[in-house]
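Visitor: Quick one: the structure is below, and I'll ask about it shortly.
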Amino acid sequence: MGSKASEPLLARPDGYGVTRMSIDDMLSGYAGDFGRWQLRHFLLTSAAWALEALHTMVMIFSDREPDRVCTGADCTSLDPCRPGSGWEWVGGPGSSIVAEWGLVCGEKYKVGLVQAVFFAGCMVGAGVFGHLSDSSLGRKGSLTVVCALNTIFGLLTSITPSYWVYTLLRFLTGFSTGGVGLCAFVLATEPVGPSKRGAAGMSTFYFFSGGIAILAGIAYHFQSWRSLYVVTSLPSLLFFLAVIPFLSESPRWYLVRGRVNEAVNVMRDISRTNGKEIPHHYSLKLDDEDSEDKEAGQQQNKVSSGSILDVLRSRVTRVRLILSVAINLLCSIVYYGLSLNVVNLKTNLYASVLLNSLAEIPAYALTALLLDRFGRKPLAIGTMILSGVFCTIGLLVGVFGEMEVTRMVCGVVGIFGMAATYNLLFIYTAELFPTVVRNVALGCTAQACQLGAIVAPFVVVLGESVPFAVFGVSGILGGILVCYLPETMNQPLYDTMAGIEEGEREILK
């Protein structure tokens with residue numbers, strides 16, 4: 001009864017007893033920056049990152065070339081290009097797609113092809129769902145769709161009859177997977193207040209590393225590639241059925257879509273759960289609205305959404321987007337390239353994947369610790385150049401004796417620095433763009449990351465020295481480009497294009 005009575009009041013413009021403020025001001029002043037509501041919502045939403053890790057990194061195990069074992073008395077060679085030479089695959093033909101479809105020798109290129117196709121699907125999906133989550137579907141709706149699609153495509157992959165059908169299904173899985181982390185990140189961080197948003201944003205990536213660690217354990221127990229796809233697809237179904245119904249749509253998305261009452265209801269739910277209270281006569285406004293504007297009520301009914309064209313039309317966001325795309329591309333090449341170099345070590349595959357996932361956690365922790373102390377910009381510059389410098393040192397040292405150990409250490413430090421950068425860029429990029437185009441912009445940078453993921457394997461196969469040269473140049477160049485981006489620490493999270501342009505003008509005064 002009370003909520004219904006308040007709706008007409010909330011719809012009135014200022015001058016009728018309503019105090020209207022931005023979401024950040026309401027979070028900081030009345031609802032709480034990060035209380036029980038945000039903690040529960042953050043944990044549930046960020047769990048989707050583990051799903052993305054399962055669907056992406058499953059290729060490490062499903063597309064691997066298994067070991068071979070001698071089975072004949074006259075076995076003189078384990079060369080897979082010599083059929084009938086007295087060997088067989090460890091684990092049988094069902095251990096991987098390589099063993100089942102004979103993807104060796106002249107067919108070996110198909111393994112790299114299907115992985116490139118997956119990341120191409122991620123590129124397309126990041127753009128599509130970035131737009132949909134900003135417009136009609138919303139953050140929660142888009143996350144619902146991608147989880148459902150991941151479940152369907154993953155289960156279909158487990159029964160695929162041929163390589164080319166498998167490739168098609170991996171593209172479709174990539175298409176839906178490309179939107180998972182993107183939607184989950186924005187949905188998890190938008191209800192968080194400005195003082196805690198940076199730390200919360202960085203903490204989402206623990207779930208991705210955790211997903212990779214879980215995958216290593218799953219793959220160890222399910223060593224058939226078909227059963228592996230079944231088991232790694234079921235968590236998406238569980239998330240769809242048991243988690244998504246308990247998530248709330250972002251109040252920022254409601255606000256920019258003109259659904260002010262729904263945005264206010266979410267904010268009041270946040271405040272109640274956090275043990276606080278928002279005054280009855282308080283409502284929300286976009287950051288480009290004048291609190292004295294008598295037409296504010298009309299603005300509340302206007303549907304506000306943006307596209308990539310809106311980003312490119314504005315000088316402020318256009319420059320930011322171009323720089324962000326270039327930086328994310330360079331970061332991704334180094335991150336995935338160095339990761340592939342480590343994974344390809346002649347060690348136990350399951351242990352290697354587990355250790356690699358755990359090795360990234362200190363980078364996340366250190367970045368989260370320093371994020372609000374030094375700012376996004378200095379930290380991004382420092383971590384990218386750190387990685388680039390050590391990759392360059394790895395290029396200059398020799399490849400024999402103790403120098404080989406030095407090169408390995410350089411690679412590890414390079415991974416540490418770029419893992420920190422890779423995840424820092426997510427929160428940094430999100431803060432560079434207003435709500436109305438935030439997911440569109442993140443979709444573009446996510447596409448750049450996927451392009452880097454496609455390029456990285458081709459860099460790795462160029463030999464021992466060339467990859468370190470490419471990684472070194474990419475890291476240093478990326479750090480230089482970050483210098484041209486603005487700092488976003490303790491700055492408002494703008495809602496509209498007009499708001500960010502006005503804010504930029506105020507800074508320049």
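Cβ from N, Cα, C; glycine included.
Per TrEMBL, the feature domain 'Major facilitator superfamily (MFS) profile' maps to 41-490. The transmembrane segment annotation in TrEMBL covers 111-130, 142-165, 171-192, 204-222, 228-247, 321-338, 350-371, 378-400, 406-428, 440-460, 466-485.
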Visitor: Which sequence positions outside the transmembrane segment (204-222), separated from its termini by at least 6 residues, show Cβ-Cβ distances below 8 Å to it?
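Guide: Here the qualifying positions are 42, 46-54, 57-58, 60-61, 181, 184-185, 188-189, 228, 231-232, 350-351, 353-354, 356-358, 360-361, 364, 423, 426.
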Visitor: Are there residues at least 6 beyond the ends of the transmembrane segment (142-165) whose Cβ is under 8 Å from a Cβ of it, and what are they?
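Guide: Contacts with the transmembrane segment (142-165): 45, 48, 51, 55, 97, 101, 103, 110, 114, 125, 129, 132-133, 172-173, 175-177, 179-180, 183-184, 187, 226-227, 229-230, 232-234, 236-237, 239-240, 244, 247.
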Visitor: Could you pull out which residues elsewhere in the chain have a CB under 8 Å from any CB of the transmembrane segment (378-400), counting only those six or more residues past its ends?
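Guide: Same-chain contacts beyond the ends: 327, 330-331, 334, 338, 367, 370-371, 406-407, 410-411, 413-418, 420-421, 424-425, 428, 464-465, 468-469, 471-479, 482-483, 485.
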Visitor: Tell me, what is the mean pLDDT of the domain 'Major facilitator superfamily (MFS) profile' (41-490)?
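Guide: Average per-residue pLDDT within the domain 'Major facilitator superfamily (MFS) profile' (41-490): 83.
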Visitor: With Cβ distances under 8 Å as the criterion, find the stretch in 171-192, 440-460, 466-485 that has the most pairs with the transmembrane segment (406-428).
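Guide: Most Cβ pairs under 8 Å with the transmembrane segment (406-428) come from 466-485.
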Visitor: Please indicate, using numbers and ranges, the residues of the same chain that are 6 or more beyond the transmembrane segment (321-338) and have a C-beta under 8 Å from a C-beta there.
Guide: 311-312, 380, 384, 387-388, 391, 411, 414-415, 418-419, 421-422, 425, 429, 432-433, 441, 444-453, 455-457, 459-460, 467, 470-471, 474-475, 477-478, 481-482, 484-485
